[in-house]
Each structure stands twice: as C-alpha cells, then as structure tokens.
Amino acid sequence: MAFIISIIIAYLLGSLSFAVIVAKLMKLPDPRTTGSGNAGATNMLRVGGRQAAFYVLLGDAAKGLIAVLIARFLNVQGVSLAFVGLVAVLGHLFPVYFKFRGGKGVATMMGVLLGLSFWIALFVIATWVIVVSIFRYSSVAALVSAVAAPIYTIIAGRTDYLFPVLIIAILLIWKHWENFQRLRKGTEDKVKL
C-alpha cells in the first residue's frame, strides 16, 4: 500500500510545472508558447532571466527529491523507491494539471537522484555543470548526464536502482530528440550563463 500511495504522490508532485507556475507568478509569458516552447529551467532562462530559471530549477528538482523522500518515509525501498522517482519524472514530462505538456525532466531527474543517492546525484550534477560550461548547450549536457546516470548508478553499486534510472535516461534522451536534430543542423541555441 505504501508503494501505491508513494506512486500517486510522486505523479501529482511531478505534475507541478514550476515553469508555468513561476511564469504566472512573475507575470512572464507562458514558457510553453515562448522561446523553445519547453516548460523547463533552460527555456525560463531565455524567457524570464536567471531569477526565474533558478526558481524553476529549484522547484523542479525539489519535487523529485520530495517524492522520493516521502516514499522513504513510508518505508519504500530498493527498486520500488527508484520507480517512485521514475513516476515523479513521468509527472514532470506529462503533467495532469497542464494538459500533459511538461518539460524535459533534467532537474526533476537530478532531484530524484538526490533522494536515491547523494553520490550518484553529485556526479550527475557535476557532469551536467562541466559539460554545459564547456559546450554551452543545455541539450548536450542533458544527453551526457542522462547517459552517465545509469553508469554512475552501477559504479555506486546501486544496481537495484538501475532499471528505473535507465528508463529515466531513455525518456530524457527521447524528450531532447528535437534538440539533437537542431544540434546536427547547427540551429540549437546556446545557454547564456
């Protein structure tokens, strides 16, 4: 029963689109219809600046972390705990409150990983920061981080988390597919940090 309750909470928390919420609170354009059209922190950086992007990043990561922490509190463990994190990411990608139009899941994945394992999260976040600092493309950083997450999970010895983390990575790569096509064509926007 604790697992089912955790799954429901994770999806409902994941469905909170902080890009849309922050845009409304700060009287900014809807990120789903402005910039890249993505309800995420990188697009909010373009649409509303650093402060708006920071709030979105914090909110999107926090909901993933909180979903996993609630499940931990309810004594959900191992692969079941990682599946709760996956559902939080699915909520972000397909939010019930916002007609199933969500973001791409990078910040939420990082929050989920932080709830699962501090060290895995630390290495994934460090990977994202290093890659975006070098290449200035959020999508490249997302790709490398998504590929790295299952690898770091194996290195950390948390093979019980591996399958859900692998699914999260595949979902993130799929959600960034258009970005990768723009990268190939040379039309992808760089991130201005």
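Cβ coordinates are placed from backbone N, Cα and C, and glycine is handled just like the others.
Beyond the ends of the transmembrane segment (2-22), by six or more residues, the same chain brings 28, 30-32, 38-41, 43-44, 48, 52, 55-56, 58-60, 63-64, 66-68, 70-71, 74-76, 80, 83-85, 87-92, 94-98, 102-103, 108 to within a C-beta distance below 8 angstroms of the stretch. Among the features that Swiss-Prot reports, transmembrane segment is placed at 2-22 (among others), with the record citing sequence analysis.
Positions annotated as transmembrane segment by Swiss-Prot: 51-71 (among others).
Within its own chain, the transmembrane segment (78-98) is flanked in space by residues 3, 6-7, 10-17, 20, 32, 39, 60, 63-64, 67-68, 71-72, 104-105, 108-109, 111-113, 115-116, 160-161, 163-165, 167-168, 171, 175, which lie at least six positions past its ends and keep a Cβ under 8 Å from the stretch. For 78-98 (among others), the entry in Swiss-Prot reads transmembrane segment.
If you look at the transmembrane segment (112-132), the same-chain residues 6 or more away from its ends with a CB under 8 A from one of its CBs are 61, 64-69, 72, 81-82, 85-86, 88-89, 106, 138, 140-142, 144-145, 148-149, 152-153, 156, 158, 161, 165, 168, 191, 193. The feature transmembrane segment is assigned by Swiss-Prot to 112-132 (among others).
Non-local neighbours of the transmembrane segment (154-174) in the same chain are 78-79, 81-83, 85-86, 89-90, 93, 104-106, 109, 112-113, 116-117, 119-120, 142-143, 145-147; each lies 6+ residues outside the stretch with a CB under 8 Å from one of its CB atoms. Residues or ranges marked as transmembrane segment in Swiss-Prot: 154-174 (among others).
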